[in-house]
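Asks: Quick one: the structure is below, questions incoming.
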């Protein structure tokens with residue numbers, strides 16, 4: 001009790017939110033020591049992780065919000081526009097990963113031996129229930145992810161995400177064409193309509209792959225990074241390096257199989273099996289016992305290397321491929337500023353895409369950037385890195401931008417990542433996460449005046465005369 005009182009007292013005095021994570025003012029119920037249903041490696045699952053591991057207070061109350069985290073400079077500040085860019089909810093593995101897991105399962109069934117209880121459970125009780133036709137489809141947990149997110153955002157911003165605005169057609173929905181994104185969009189809408197008991201009208205959404213799957217259409221990115229095996233050289237080196245070799249050896253020992261049978265693909269498959277079992281069914285699967293916490297940290301770094309070099313800061317085209325989405329976001333913000341105090345036709349924009357949609361944009365905006373590049377050889381020095389996909393990109397990850405009109409044309413912009421306030425890079429000296437909108441535009445002036453999608457995505461630029 002004394003510990004809880006102290007925490008409450010401190011939170012009343014200070015509210016601290018790290019740029020990479022959640023508020024410590026909520027009770028953390030996700031500790032594996034306190035909850036045996038949570039794997040010890042749950043917070044290292046990268047893009048396969050649960051949203052609740054980023055915001056552990058949601059384990060206790062899935063609809064919890066903390067409006068005190070929002071600190072407008074004056075009481076008269078009012079919300080005039082909100083844009084939310086959201087990753088789809090929890091999904092099944094893709095057919096590619098199902099094949100890897102099937103291969104591992106057969107290897108374990110045919111070759112693994114031992115007396116450990118968890119291994120006996122895999123050999124005699126666990127069955128390979130994932131099938132290739134699942135191929136990334138949204139699961140029921142994913143439906144709930146988006147429903148709950150919709151309710152929480154409406155509680156955080158009740159004057160703008162409201163029944164009146166929804167019925168008035170002022171909340172717009174845009175989605176990628178992929179089934180998991182369309183179904184996530186439907187789930188977000190259902191979260192609102194069920195909360196307000198709306199049954200007499202359906203709300204439409206627009207499919208726009210040019211915005212939400214820009215990475216497929218950027219020729220330079222596709223050819224130089226996405227389809228280029230050498231783009232992931234640093235990850236490949238790390239998966240063959242001493243840290244990963246030790247993980248492979250430990251897994252071989254735990255399964256009592258020959259070391260040469262445990263390739264990185266097999267390690268990755270086991271890691272994903274643990275992650276999917278936990279994310280989809282909230283089970284601490286026996287597959288999770290193949291890893292200890294140090295193994296989880298090594299696996300997380302390998303997966304972060306992949307995202308860093310394929311979608312993040314590794315190559316300039318990774319972030320520049322999102323120029324079209326960047327300009328779309330700021331055009332909506334500009335319009336909201338210009339329309340402030342007048343009748344508007346769009347108060348809220350909800351855009352649902354992929355981790356591959358969100359990460360390039362976060363990178364273009366400069367969030368989660370470390371002073372040192374992630375490479376295959378600096379794992380030890382990157383233990384405290386900001387670029388950590390487990391915290392940035394769980395299922396239902398989101399970037400929310402909220403415009404406030406504080407009177408006298410004092411327009412502010414509040415950024416949140418996964419419902420936690422963050423600070424725009426280069427504007428931290430303002431002592432607040434809600435800077436003037438004009439200061440933000442000056443900060444990104446070079447991108448706003450350039451960053452032309454068609455130009456940056458050209459594979460071969462015409463020679464200058």
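Cβ atoms here come from the backbone N, Cα and C positions, even for glycine.
Any TrEMBL annotation is an automated prediction that lacks curation.
Sharing the features that TrEMBL gives for it:
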type	residues	note
DISULFID	77-406	disulfide bond
DISULFID	274-288	disulfide bond
SIGNAL	1-25	signal peptide
Asks: Determine the Cβ neighbour count for residue 288 (disulfide bond): the number of other Cβ atoms within 10 Å of its Cβ.
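Replies: Cβ-Cβ neighbours of residue 288 (disulfide bond) within 10 Å number 24.
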Asks: I need the least crowded one of these disulfide-bonded residues (274, 406), counting other C-beta atoms within 10 angstroms of each C-beta.
Replies: 406
Asks: Which ones in the same chain are close to residue 77 (disulfide bond), with CB under 8 Å and 6+ residues apart in sequence?
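Replies: When sequence neighbours closer than 6 are ignored, residue 77 (disulfide bond) has 404, 405, 406, 407, 412 within Cβ distance under 8 Å.
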